[in-house]
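Let me begin by presenting the structure, written as structure tokens, before commenting on it.
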Amino acid sequence: MNVNTTIFFSILIAVGLVRVVRKFLDLPTRLPRVNRLLDYIWVPGVALFGLSSLVSWKSDQLDELYLLFVFGVGIWVLLRLRTYRPARLLLLAALPFVVYSAFELALALAAPAVLKEYDDSFEVAQAFTFIWLFTFALIARNQKNQLEKDRLLREEEEKAKQRISAQNVELERLVAERTATLTQQAEELRYALTELRITQNQLIQSEKMASLGELTAGIAHEIQNPLNFVTNFSDVSAELLTELEEEQQKPDRDPELEAEILTDLKQNLQKITHHGQRAASIVRAMLEHSRANNGERQPTDLNKLADEYLRLAYHGLRAKDKTFNATITTFFDPSLGKISAVSQDLGRVLLNLFTNAFYAVQKKQKDGNTPGYVPTVSVNTLHRSSGEVEIRVRDNGTGIPESVKDKIFQPFFTTKPTGEGTGLGLSLSYDIITKGHDGTLMVETEEGEGTEFIITLPG
Amino acid sequence: MKILVVDDETDVRVLFEQRFRREIRSGLFTFSFAYSGEEALTYLHDHASEVVLILSDINMPGMSGLELLRHIKQAYPAPPPTPPQVMMITAYGDDTSRQQAMQLGANDFLTKPVDFAALKEKLTVLASHEN
């Protein structure tokens with residue numbers, strides 16, 4: 001067999017080596033051009049074989065020469081990849097082997113005798129380079145695996161990072177979306193609040209008007225009476241004047257009678273003025289009651305205010321229900337003096353308490369469960385020694401059940417049938433006394449026995 | 001003829017005394033005044049047989065005119081003695097009040113403002129019957 005044909009084994013080894021190295025170093029991606037060139041690793045071998053055949057050069061070293069070339073190529077590739085740590089290690093692994101191979105080849109070519117003489121030593125050296133090669137190749141492989149693991153880990157981390165940032169973007173989008181919704185809701189709520197405030201004001205105004213409606217009949221009655229007096233006293237004064245004139249025509253004038261008539265006339269004129277003013281003050285009270293609140297405090301005679309509104313409330317109810325009647329007892333403390341208050345607001349509170357009191361006694365009377373029942377509403381004022389002023393409105397009506405006692409000052413709470421009460425009376429009263437006048441409004445009640453509201457105002 | 005006027009308005013007294021000054025002076029009518037139903041009952045108790053006519057307002061605090069009427073009619077269930085005539089006066093001249101008053105035995109029902117000319121005529125007729 002031609003010795004030179006052994007080169008083909010070397011070519012096969014070279015091709016195998018290329019495949020292994022290619023895979024190990026991932027050459028297609030790291031060095032694509034070199035990788036393509038390595039496809040032609042067999043060419044120099046075949047060429048060498050052709051050349052040696054041509055020149056009929058026979059040598060045992062032909063395959064070794066070729067392998068040395070292959071190793072050289074390997075070293076070159078590794079040098080190009082020296083930044084890649086497993087490649088560096090591989091270089092370190094291969095270098096002694098290659099250098100030794102080159103040295104041995106050179107020796108075999110130049111001084112085969114020496115080679116033969118130190119055959120053992122060379123074999124030991126070769127074995128050592130082999131061991132070195134495999135050891136470091138193994139380390140390189142481990143390192144590569146380690147690097148691969150690290151890379152995978154990094155990739156994983158990178159992916160996680162991307163996922164997180166994608167989630168962040170999504171979160172930010174959601175937050176922006178939610179913020180927009182919330183802003184819109186806040187806007188809507190603000191609008192609703194404004195609407196509610198407007199409605200509240202309207203309600204307060206309509207509550208005033210509703211209570212004015214309740215008052216109308218009472219007011220009519222209260223105005224009718226003084227007007228009747230005005231008319232009657234005018235009429236009777238005219239009669240008196242006629243009588244006086246007749247008397248003056250008489251030959252025997254009675255000066256005593258004339259004087260009496262004149263006194264009466266003067267008195268009548270005073271009565272006319274008095275009742276005219278009485279009517280006017282009722283009209284004024286009515287106007288004040290309906291006027292939008294200007295909130296100005298003025299010295300107010302609580303006794304007079306309570307008396308006025310008590311009459312209005314009573315006659316208001318009487319006008320609706322002719323059969324209704326109640327005993328009214330009042331004690332107005334003369335030492336009360338005038339206190340600083342918004343009289344129309346306090347008037348509304350009093351009116352509300354009186355109306356409620358009358359309503360309660362009327363209801364108890366209608367229920368008819370108490371024989372000999374005398375509906376009684378009493379109003380007392382008191383100037384306490386501590387300086388505070390107290391108004392007590394007491395009735396012996398139906399009382400307030402314990403279950404609703406806590407709710408009576410809440411807006412829109414009413415026990416009256418729909419349409420009869422707005423449910424704002426006591427809640428507005430409470431606000432007027434506590435917020436408007438720094439006072440207190442308390443209730444003492446026993447179901448079936450009666451109720452007492454106590455207003456306390458700082459003097 | 002003794003007439004008891006019941007009204008919570010005190011100026012009614014002055015008014016009646018002037019409106020009927022001639023009749024009072026001539027002694028045709030004598031007026032007494034009470035300012036509440038309770039006061040009227042007390043007065044009637046003390047002057048049982050004197051009062052011939054009661055003129056009462058309906059709307060008064062405390063005992064109303066209608067209650068007073070009921071009391072009077074209970075106190076004088078049947079003649080003798082002759083029960084006093086009772087005329088009711090009210091600012092609310094509605095039918096319910098009128099019917100109620102009539103049911104309780106009122107002799108007449110007047111609405112405010114009182115037409116004094118008509119009242120005087122009625123009283124004069126009553127006085128002439130009395131005598």
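Note: Cβ is positioned from N, Cα and C throughout, glycine not excepted.
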Among ranges A:140-177, A:368-405, whichever one TrEMBL labels coiled coil: A:140-177
Contact call for the transmembrane segment (A:65-82) and the transmembrane segment (A:121-140): at least 3 Cβ pairs under 8 Å, seq gap 6+: no
Surrounding residues of the transmembrane segment (A:37-59) on its own chain - C-beta under 8 Å, 6+ positions past either end: 2-5, 7-8, 10-11, 14-15, 18, 22, 27, 65-66, 69-70, 73, 77
For the transmembrane segment (A:121-140), distant same-chain residues with Cβ under 8 A (at least six beyond the ends): 24, 86-87, 89-90, 92-94, 96-97, 100-101, 104, 115
Segment-level pLDDT (mean, integer) for the domain 'Histidine kinase' (A:218-459): 85
